[in-house]
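Data block below; observations after.
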Amino acid sequence: MTSTLRALHATVGLVFLICGLFISINADCNVCNARTGTACISKTEYKPCFNNVPFGNEVFNCSEGQYCSITGACEEVEALAECKECGMCDATKTFACISTTEFALCLGNSRPSEVRAQCSENAKCNINNPYICGEDPPTCSIRDDPPTTTAAPETTTTTTTTPSPLEDPSGFCSNIQEEGRYPVGTDPATTCHQYINCIKVGDDWYGPLYNCPGQTYYDSAKRTCVTALPPLCNTRVKHLAFRHILLE
């Protein structure tokens, strides 16, 4: 009887261990499975691959109640599903991909902020890319993209009477009404060396604009000045904005 109970406990423990591993799975999206030659393009859809790239316009759907999984087949276990990291902050809490070409800064937190940016032309956002945007397959599914291809660029060029941090730092803070440190641009030569600190004193908002000392850069994830060039400051990132207000 004792040996039977031990075996039962061991089995239950193994089940919980496996379940724990399933919960922590972070699977790739838009990447071709070497065994099946297919790539999940959403949690429930997949495409065939050609030369290790998702190919063609035809999209295949998993059966109802099934998910496109890390096994290369459709499975009923949702924990095995791919394309789940869209909207999640990366391990360094620097950014979160929110579409195939757009990302949000995490500002050192576990949830993405309202500071958004776009990848430059032909670059995609990948949660495992230390430079955020590049040639790697996008972390997000095409289903996470805006309904039309023109919607995202329009939001970054919309005119507004709200002042940018560089024009009127205190006015910017008064408008957004959220305390904290914010980056003000993506230019390695100028704005990457600066940040704005929104502070509320009584009923008034203040936004002093600071320059990092020497040749250091402001790192939005660490919320301090660092010697290494932050991922945000590269040519594959553009249109840094807060609630559609361009920051530079």
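From the backbone N, Cα and C atoms, a Cβ is placed for every residue, glycine too.
Nobody curates TrEMBL annotations by hand; they come from automatic prediction.
According to TrEMBL, the protein has these features:
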SIGNAL    1-27  signal peptide
REGION    144-168  region 'Disordered'
COMPBIAS  147-163  compositional bias 'Low complexity'
DOMAIN    170-235  domain 'Chitin-binding type-2'
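According to DSSP, the domain 'Chitin-binding type-2' (170-235) comprises 10 helix, 24 strand, 32 coil.
Taken together, the residues of the domain 'Chitin-binding type-2' (170-235) have an average pLDDT of 93.
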